[in-house]
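Taken from Swiss-Prot, the feature ATP binding site applies to GLY126, THR127, HIS128, GLY129, LYS130, THR131, THR132, supported by sequence analysis.
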Amino acid sequence: MTKVELAKLRTMIPEMRRVRRIHFIGIGGAGMGGIAEVLANEGYQISGSDIANNRVTEHLASLGAEIQIGHKPENVHGASVVVVSTAIHGDNPEVMAARELRIPVVRRAEMLAELMRYRHGIAIAGTHGKTTTTSLIASVYAQAGADPTFVIGGLLNSAGTNARLGTSRYLIAEADESDASFLHLQPMVAIVTNIEADHMDTYGGDFTKLRATFLEFLHNLPFYGLAVVCIDDPVIRELLPEIGRATITYGYSEDADVQVQEFVQEGSQSQFRLRLQDGSFLPLRLNLPGRHNALNAAATVAVALEDHIPTDAIVDALAQFAGVGRRFQQYGEFDTGAGKVLLVDDYGHHPTEVRATLAATRAAWPERRLVLVFQPHRYTRTRDLYDDFAEVLAKVDVLIMLDVYAAGEDPIPGADGRSLCRSIRQRGTLDPIFVATPAEVPGVLADVLKDGDVVLTQGAGNVGQLSRKLAELKLSINAMKTAI
């Protein structure tokens, strides 16, 4: 951003008083790194720490951020404010040092709320579909020349980043319910894609509390704000009479304000039309597969039309959408030495997400054998949704199961990869292969792959690094057998 553009931005969005250097603990996460990037481009000094370097930290360093590997008390010296990710606890040495030095410590969502304060905020919440919906909206607004600021939980392929500082009043961002921190946000438009049991440890195992928290999030809208919600979701349908804000519904349901009709998947693309609120129809081609992604597109259209985004920009952006990192990301088809095999990677880590991804994969390549490499994410989620996982994972042709990616949690007996394998095996339809570490997966794949297979790697942990490794090896049988 040029000095002239930044000066113009400052006429709309004043600086945070007395804040010069902002320190991020856990800066390597996509959400934290995205906010840090926007603030760096706004002219703030950025520093941060994490336990290891990654693409996010390397990118931020290229923007001038000071990155420290490891958490040490001295890292926070000179900071005006410290921002912490969900994974950072009060006993972190940098948090303790900041409090001793009386430096404000705020959560990620509080800093996002500050970015949103003077902007037209569009916040996307829900158990599933947040990242894709946020990316679709950002792409549509960019296509229309609206130049939005966006903060996304995944890499927007067309932009080459997950965050960008725009010159307009629009800020498009994911709203994270995992720790209820989305309640800090006060957007002008709030989307809720669905509400299912997840992160239940945050809500004391009480689904009623989770439901009430989503309602509170919607009530953070001003009275002149707009809620956009998926009426196909039974919990949202039940909530509708309680939402005291202007509301637009979308879905496949006949009574949706914006209804998805005539859905057809062609390979890894989709075609459908939307019946809009005025009764007119909008035919669309979406460069994504799956009925669930048509819903994400419907939410996007509902929001964009309310902001008077031109229809041709909407149509073009959805047809040309270049995707999001780790959301049905196709690495391509490789000649393995035993035939041609397609590699796809996906972030889905909840049974509903896995089910939707498997359905989209089957629809795209119905004649091909589906080999799933799955890594459960969090022991609490595996425990709470154990039967659902066992049911959906049994529906592939070959299942390679990794152990649980802990994400900082302590192990829970019976809520692990081996136990899931036993439960699936007892169903009698599939014999899963348990693999203790991602490093062992290439060798196992080398023994099971056949010509025409689709390999789908799925999960929210480090299985994404595994998929990149497999792509580097080009799924070569010989290379995978010797990989370490």
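Here the Cβ of each residue, glycine as well, is placed from N, Cα and C on the backbone.
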Give the sequence-ordered list of residues that share a chain with THR131 (ATP binding site), lie 6 or more positions from it, and have CB atoms under 8 Å from its CB.
ILE152, GLY153, GLY154, GLU174, VAL324, ARG327, TYR347
Candidate with sparsest Cβ neighbourhood (10 Å radius) among THR127, THR132, the listed binding-site residues:
THR127
What residues, ordered by sequence, lie under 8 A Cβ-to-Cβ from GLY129 (ATP binding site) and sit at least six positions away in the same chain?
THR193, ASN194, HIS292, LEU295, ASN296
Which residues, same chain and not among GLY126, THR127, HIS128, GLY129, LYS130, THR131, THR132, have a CB within 8 angstroms of the centroid of the CB atoms at the recorded ATP site?
ILE124, THR133, THR193, ASN194, ASN296
What same-chain residues, at least 6 away in sequence, bring their CB to under 8 Å of the CB of GLY126 (ATP binding site)?
THR133, GLU177, ILE191, VAL192, THR193, ASN194, ILE195, CYS230
Neighbour count, 10 Å Cβ-Cβ cut-off, for LYS130 (ATP binding site): what number do you get?
25
